[in-house]
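Listed in TrEMBL:
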type	residues	note
BINDING	R40	L-glutamate binding site
BINDING	A74, S75, W100, T148, D167, Q190, N232, T233	pyridoxal 5'-phosphate binding site
DOMAIN	4-335	domain 'Aminotransferase class V'
MOD_RES	K191	N6-(pyridoxal phosphate)lysine
Amino acid sequence: MKHNFGAGPCILPQEVFKQASQGVLNFNDTGLSILEISHRAPEFVAVMEEAIALVKELLKVPTGYSVIFLQGGASLQFAMVAYNLLAEGKKASYIDSGVWAKKAIAEAKLFGQADVVASSKDKNYSYIPKNYTVAADSSYLHFTSNNTIFGTEFHQFPDKKNHLVCDMSSDIFSKEINVADFDLIYAGAQKNIGPAGATLVIVKDEILGKTGRTIPSMLDYEKQIAAESMYNTPPVFSVYAAMLNLRWLKAKGGVAAIEKENITKADALYKEIDRNPLFKGTTATEDRSRMSVCFVMENPDLEKPFLKFAEEKGCIGIKGHRSVGGFRASLYNALPITSVHVLVEAMQEFEEKNK
Ligand code: PLP
């Protein structure tokens, strides 16, 4: 049995993979594949509507917000956010907490002034910057709630008065949030939502249409909202599997229930990292991510042997990103607690062998 600690793309519960594959063969007894029915057919429109309704229900999205599925990944949102929200001659604020934040900043600079108000670059992004001032005339404050590569997570969000725009790609649906605190949330599907291809955007309607800019249709949130996520052919399989996955999450008790599990999973792994003399965490303790657990070995020469040992136990995808080294265990919603136990046991056995 494989225990997939990979950072992506797409870790879904086995039962969701099974349902999704059934839909590829014969969608809802139509005799057609989900991949071949028209996206304008009532059967697919119902899928899109249910996916959006589940997002609204699970995240308790208040009225005054639109939920859309787009394409282009979170990376396109780096540009789209600024295109739609940052008017010429205006400024926006960005927290630089890692690779993805930096990419968002670079794209925003194509559209206006993007001020970096805080950065944790000085310590290789091993903590969440907390002291910063945001100019009163800043259009929004952009931050990355979970830094997938460096393993840090905002456990307390910035002040909502700053008009928050958040890249939640790697921790959306992992914990309860108050959507009303945000102007805009975006997330590539491929961690806690579904297969790569769809990108979720939740946006407060009243902030749109204020830049005075003519925006190409595909990049215009207002046009995408008006077209109900079907301005062009949507990524049908990604949306379908996302809908099935959100049904699974709802049946499990929703975001509050999965948050409890996620806390238990992360606690179990960090406890072993702190106890086991062979390993150490790489981030500030208070900013440790529940989704992306980064750690290294006291003796780097043991890293390759441990990677091999863990793989023999079925734990795959734990090699850390090259900018941190060591290991990264991604504990997305679909990863069962039993997989974390297997990894912890592998760490303990490896300790015994290397005494
Ligand atoms: N933002 C974060 C936090 C990510 O983890 C990733 C990918 O892992 C991205 C953005 C880029 O996402 P995409 O590949 O959907 O463009």
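Including glycine, each Cβ sits where the backbone N, Cα and C put it.
Because TrEMBL annotations are produced automatically, they should be read as predictions rather than curated entries.
Structure with TrEMBL features highlighted.
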residue	record	contacts (Cβ under 8 Å, 6+ apart)
R40	L-glutamate binding site	M230
A74	pyridoxal 5'-phosphate binding site	W100, D167, S169, Y186, A187, G188, T199
S75	pyridoxal 5'-phosphate binding site	K103, G188
T148	pyridoxal 5'-phosphate binding site	A7, G8, G98, W100, S169, S170, K191, M291, S292, S330
Q190	pyridoxal 5'-phosphate binding site	G8, P9, C10, A196, G197
N232	pyridoxal 5'-phosphate binding site	M218
T233	pyridoxal 5'-phosphate binding site	H39
For ligand 1, the recorded positions of T148, K191, N232, T233 whose CB is under 6 Å from one of its atoms are T148
Assigned element (helix, strand, coil) containing D167 (pyridoxal 5'-phosphate binding site), judged by DSSP: strand
How many other Cβ atoms sit within 10 Å of the Cβ of D167 (pyridoxal 5'-phosphate binding site)? 29
Counting every protein chain present, what is the number of Cβ atoms, excluding its own, within 10 Å of the Cβ of the residue listed as 'N6-(pyridoxal phosphate)lysine'? 29
Could you give the mean pLDDT over the domain 'Aminotransferase class V' (4-335), rounded to a whole number? 97
The record lists A74, S75, W100, T148, D167, Q190, N232, T233 as binding pyridoxal 5'-phosphate. What's the largest Cα to Cα distance among them, in Å, rounded to a whole number? 30
Quick check: in three-state DSSP terms, what is W100 (pyridoxal 5'-phosphate binding site)? helix
